[in-house]
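Structure first, commentary second.
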Amino acid sequence: MDSTFRRVVFFSNEFPSDDLKELFRRLDQHSKDRRFRLLSIFLEESTAILKDEVSKLPRPLKELVPPFGSVLGLVDVDFRQGPLGAAMESSMLTILELGLFIGHYESEDTEWDLVPGESVLAGLSIGILAAAAVALSSGLSDVAKAGAEAVRVSFRLGVYVADISAKLEAPQSDGTLSSWAHVVTEMTEASVQDELKQFNTDTHSPELTKVFISAADKTSVSVSGPPSRIKAAFQHSPVLRYSKSLPLPVYDGLCHASHLYTQSDIDSIINSAESVILPDRSVRLALLSSKTGKPFIAKTASELFLEIGTELLTGTIYLDNVTAGIVRHLQPQSKEMSSWQIDSFRTSLVLRSIHSAVEAKISGEQRQLTRRDLVNWVNKDFGPRRPRSHASSKLAIVGMACRLPGGANDLDLFWKLLEEGRDTLTTVPPDRFDLNTHYDPTGKTENTTQTPYGNFIDRPGFFDAGFFNMSPREAEQTDPMQRLALVTAYEALEMAGVVPGRTPSTHPSRIGTFYGQASDDWRELNASQNISTYAVPGGERAFGNGRINYFFKFSGPSFNLDTACSSGLAAVQAACSALWAGEVDTAIAGGLNVITDPDNYCGLGNAHFLSKTGQCKVWDKDADGYCRADGIGSVVIKRLEDAEADNDNILAVVLGACTNHSAEAISITHPHAGAQKANYRQVLNQAGVNPIDVSYIELHGTGTQAGDAVESESVSDIFAPVTPRRRPDQRLYLGAVKSNIGHGEAAAGIASLLKALLVYQKNLIPMHIGIKSEINPTIPKDLERRNVGLAMQNTPWPRPAGKKRLAVVNSFGAHGGNTTLLLEDAPERVKIQGTEDRITHSVLLSAKSKKSLQANMESLLSYLDQYPETSLADLAYTTSSRRMHHNMRFGTSVSCISGLQKVLRSQLDNPNFASEVRPVPNEVPSVILAFTGQGAYYHGMGRELFAEFPYFRAQVQQLDRLAQRLGFPSVVPVIENSIEDTPSSPILTQLSVVILEIALARFWSLLGVSISAVIGHSLGEYAALAVAGVISATDAIYLVGRRAQLIEERCAQGSHSMLSVRAPEDAIQKMLAAEPETASIAYEVSCCNTNQDTVIGGLNGEINDIRRALEAKSIKCTILDVPYAFHTAQMNPILDDLEALAKAVPFKAPSIPVISPLLATVIYDVKSLNADYLRRATRETVDFAAAIEAAQDMGLVDSKTIWIDVGPHPICAGLVRSMIPSASAMSSCRRNEDSISTISKSLVALYLAGINPCWAEFFKPREGEYSLLHLPKYRWNEIDYWIPYIGTWTLDKAHLKHGTKPTTPFSVSMSRPSALRTSLVHQITAETVEATTAMLHTISDMQHPDFLEAIHGHTMNKCGVATSSIWSDMAFTVGEYLYRRLVPNTKDVHMNLTDVEVLHAQVASKTKGSVQPLVLRAHLNLSTNSMSLSWFNADGETGECAAESFASAMIRFEDPVAWRKEWARLAHLVRGRIEVLEQRASEGKASRLSKPLAYALFKNVVDYADRYRGMDSVVLDELEAMAEVTLVPERYGTWHTPPHWIDSVSHLAGLVMNGSDASNTRDYFFVTPGCDSFRLLKKLEPGARYRSYVRMFPLPEDPNMHGGDVYILQGEEIVGMVGMIRFRRVPRLLMDRFFSPPTTTSVPGPVPPLAGVTMKYHDIAQTAPVRPTPTPPIVLPNPVVSSTMASKAPEPAPLLATSSESSTPKESPIVTPAESERADPVDNNMISQCLRLMARETGLEVEALTADASFVQLGVDSLMSLVLSEKFRTELGVEIKSSLFLECPTIGEMTAWIEEYC
């Protein structure tokens, strides 16, 4: 290098004037070019360090940083916004300058030219940190490494400065930025200092918050301090007020403040940095101090950073000294020196000043001064980019879940299946398709399968729709693969302990999903039979992944891949690639396959893929194809370093994953050994692994001749070559899971991976069961010599000491793709051994339904019974910090496992458990912090928190350092309890309490508690004001400390006392005034704590006299342990001085409301908060009770508000509970209790109240000591959502190629043989009978003479209308038939027909020769002794069944003995009422009606045929009646119980409603929508005599509805009962509209054909309540009420009339306002209609639509919102926007809107 050359590199404290985003973008682009290798390394290291530093931030700060993959991701964040502004600005400036520096050298491709002695470094403020990295470097590669550490220090410095500064003055609550520094020009440093000194003196400014000089030169002075004080200083000083000054862009706090920072502050920033550079690296280049202008004297990196830290925090900047130092360096040492250079990053005022000074120095000399801009290179074009390769991390699989054949619904069951060597082969179950019609071994029948075999998962339709916010309708239409993908994804995440957002790697924006799927059976077959709203989102593949991302709110990528049979493992490989590429930080991957479509069976069979003989016979000589299988599997994958940092359980490590294609195969479906071997080599090379070291391979192994031969060749050649040969101890074991569970196609690869992971877990290779006869001769003969072979028995696979086992998983696609995964053992985890001193632990469980919560509790109890040695700490960690939490919650704090077991058993044994559990509210309750006064003080308060939690400890220490800098004693010994247990001074007592409370408030914020308001009691009000941002923490400490000093100086300790009295203030006054000896005693009211608790103060003698007097009246009194009588005249001597001190303190508007005990109001602005307020608060009464009442009156406090007592002991919590008995009040600390236990209990209480604490922060200090337990998985509240494939249409479509056959009208054949035929049930169309379940489908024609005659026996408006007795007979007929099928030897079958609900009346058509079919579907479950029934209309031409039922009911098979006992107790009461009616009739007080008169009255609504007229006489008294009944002797057909007999004994209720004077029968008629039950103790007898009795009454929940019980007596005995039969009032003007014959017999909408139905009834009783699938009403052919009328009038009862829920007909009469008035509108009827419509469309029960139910939870998404808004318009005449479901997110808000606007 030229000896005449000198250089200065200057690092500025300002960003270049260029567009910052563009600068960083250009840096990022260049870093991707291999020519900028060191720049890339520096940016990568800086990114890693920033991620590490962000991960260590307290949660509230951590959440401010968006997820970022590189520093470029942070550029869009406004540096200056929020509490991390200083940290972000400092670190980004350091990154930018060092990146530009490194890039400059790499762009020039020049050697390092900074030579000690010839080059010097200089900088200002943060720029010095960047310069330090260069000073520590001997080459450019050193800068990249040291620079990243400089970034760490700059970030930490910014965080620390902002934190300390916020304690001096809180940021503006409205986010307005205020400058902490102003520059003054044309004034000397001395004159400015004089003005500042005068201001600080005059305003009594505390030392810490004084205004000071932070920088100076000959032309300007920088003034720094809290923004409000700078403003006050410039207003106070006339000189400064009129000076030339400007605010500097310094928005985040104070540096260069020697009065503020100490060496301990510097050490906490520098010495705590995890640096591998700082300890031993030497300083290579001189770096000038910005204070002295001389080089720092440090010799090592650690010394240099400490010096720089000291200068940045405490040193004043003197620009003149910097300039002088630079000039000195450039000063010529000899005449030969001629070339000087200044390198910089653009220019600035400071740099121009330096440049001018140097030029002035060399003026007249022959010296050359040049400037080099280190920014210019970044904008150059370097030609085409030369990409760099991405480094690969190892990946960790941390969670897995499955649904696999053979009942393997979890991993334990899957392993048991493998370990036992079980084969899950079975025939196709009838719930998939009917083998009787779709299986033809000859293959002659078109579209049939030639094999009946497969491997199937259990209960594929079972799903917890409510958990995943899906409506039953959406769930039913959604592909079971997609549903189970959701389920297994959740279970895998649960196993992995993933809580989205808990760590940087699990931020929702960094999680992606990758699933393999190769078929669409459900969409193409099952759901396509009746295409609905959810056909696309429920069936299209992309929605499978999309639904996972949407439910969990993951915004990473979602990919659905199809690579045929390798789809599952290819999805895993894609996930690995995304992790290696940095696209995601966590990936969920898996494979999906659920078989339902016989077409795929046929296609695969015809292509000779499938075995006709059974299971996959892997490597067997008779291998003849594969056997199909279901399968669902999910795994969770992270980068290994992230998994270790997150304290995850690592199942195995992925070293490599590759996919290629068999392009050279002889056909597209034929495997190719060369391609497979090439893929193995690629994955081995990717990981740098010797193939000989692999000891287990999970084969693709399908059991095909070609596949087995090729794979055995490729595997043996690569992993067990002839040479080098494997040693005897290097046995290579092979396995193939398809021999157990078949070929899961898209799920095959994930099943193989799951098996391999279990092999790692269990250290055992399960036996191979694929060879049924002998090994396939196509397999290489020398495998044994190569030391490779199948594990034919369960073979131990131990982990070698100090080594890791390697395994390979293969999965090949039929299209030619080959995917291979290379695994190794997880790192051996060394659990940190700590001293577990937490006394209690919080154990939590949650669910989204009561049943699931109860089941989760049962599972945990069972687990603990099985593993009683479980670590309670690990259990608490797992159930709280590592679980996603839901709205049904259980939580407890316990000290031992046995205590937890006791609590669980107690809860589970509670018979009222289900009713007592309530979901937490959707809206998070507000939380108010209540700060106690000094009366709660004791030594050691918060000691355990201080010792355990670094964040809490740091807060206390920072506040304590501030107190010490203000001249007060340290409070740390009080908290540590290292002080002598003697009375403390008021200063120490009061400062300790306030510092503790401020630190506790911040700790609660760290734990995730969002504060809504604060209240302080006495001294606690200072902490409250500080937390609310009214005053800074420093000012709070200063005022409290000085206040305490004034009290010590001016007030006599022990002369006064305070007395707590259990009585209100006025009562105390009256009691004292009533006695002469106490009437004149002087005292003052210090505190009104509650309406019954008062604290008074005064002189000791007088207070003692009062105490004795009040105790004599049995009033509880307590002398408080305080040295002064606060809030009394004793405080008068300090008030003036306290107010003067407070006037120097800036007061700001509160960031959260302040509840004021002084003013008894809630304060929202700064007007009332000032020095006078603190004066009055010191002297006047603390009216805590009035303040609470005011907060209630102003709506800030309600019954759900949560209170947290912030202080040493929960005094305020007790006061709040006294004022609000229902209040939830928690503690922060408690005297004589471990403070961690107190916090733990309070966190549980908050959790149960609906707050979501940040449990991760609670466990963070010791997370390495805890283990994530593998607990039982979530217990789902499942219901079977299954659409069976109905009919044979996959077969029938084959005939289309021969031409469409002519269609013929549908008819119900009465000549076709049927095992069940009656007058109403005509033909069985489908029947399945199993061990405990049975299913029956029947079809009937309402136009059949027997059926039609039964209908015409009950006419309304001259139309035959099916009466409820018809549905009763059909139900009893089918019920007895099916019951006897399961229990054939039953003598008598006693049935209780319950829950009868008819949504649409059935009116007989008057078209002669027409067909009017209806379908009855029944499902019987013997385990619950119940049967569900649903009636459907069917198309009169095609026979197609409607998708939705018009009626439903249940039958319960019961013991008649219980009925007899029940009715025997009631019989005398019923007989008594009958006798009363007879007596009243004889007295003329009740009406006795003859048969003709009774039925004449009935004819007002219903005209009964003669056979239905069984009532001989009736006694009617308003709504009560009895009848004498004689049944006609003729049955008139084939029935179980003739409808005309049923009607005769029960229709007395209808006569009461439609014939009594108590009803307005002129304007209204009454129809019945159903009943709760119908029972007959014995069969009705022909010609027998009965009596009926009923008393109807209005139902309180609906003014248009009446109900009552009809009793049927034979002799003196009750022999039957219709329980709670209901009648609805309907305007008579609607008679024509509701009861007119249908004009068509067709059913709208495509529906599945009826013929050939085969359905398996699933027993769901053990997992969920028996509940028929809810089906909405369909549009019937008969006319219905218009939409206008539907919205104005009560809807008619649907049993006998069409419900207003039906669609509006095309032509509807206009309803005039007068008609609307006559309809007697009822406000809540519109609400009822709306709710029923929503229930119908979503498939939910109306009962589920509670006021607090949210539409999101009910599964109402944007698509359903559109559907509902359209239905509201067309059916109810209500115009709403679909967005209303977002604007009114709950049912209650929606109904309120409807009431208001509709």
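Each residue, glycine too, has its Cβ placed from N, Cα and C.
When the ranges 355-389, 1685-1719 are checked against Swiss-Prot, the one recorded as region 'Disordered' is 1685-1719. In this structure, the C-alpha atom of His743 (active site, for beta-ketoacyl synthase activity) lies 8 angstrom from that of Cys565 (active site, for beta-ketoacyl synthase activity). Secondary structure at Cys565 (active site, for beta-ketoacyl synthase activity), taken from DSSP and collapsed to helix, strand or coil, is strand. Packing against the region 'Disordered' (436-455) from elsewhere in the chain are residues 405-406, 424-428, 595, 598-599, 601-602, 605-606, 610-612, 614-615, 627-630, 741-742, 744, 1288, 1290-1291, 1293-1294, 1652, 1654: each is 6 or more residues past its ends and has a CB under 8 Å from a CB in it. All chains included, 31 other C-beta atoms sit within 10 angstroms of the C-beta of His743 (active site, for beta-ketoacyl synthase activity). Counting other Cβ atoms within 10 Å of each Cβ, the lowest count among the active-site residues His700, His1354 belongs to His1354.
His700 (active site, for beta-ketoacyl synthase activity) sits 9 Å from Cys565 (active site, for beta-ketoacyl synthase activity), counting Cα to Cα. The distance from the Cα of His1354 (active site, proton acceptor) to the Cα of Cys565 (active site, for beta-ketoacyl synthase activity) comes to 62 Å. In the three-state DSSP scheme, His1354 (active site, proton acceptor) falls into the strand class. Taken together, the residues of the region 'N-terminal hotdog fold' (1322-1458) have an average pLDDT of 91. Here the region 'Disordered' (436-455) has, by DSSP, the following mix of helix, strand and coil residues: 3 helix, 5 strand, 12 coil. According to its DSSP assignment, His743 (active site, for beta-ketoacyl synthase activity) is in a strand. Cys565 (active site, for beta-ketoacyl synthase activity) has a Cβ environment of 30 other Cβ atoms inside 10 Å.
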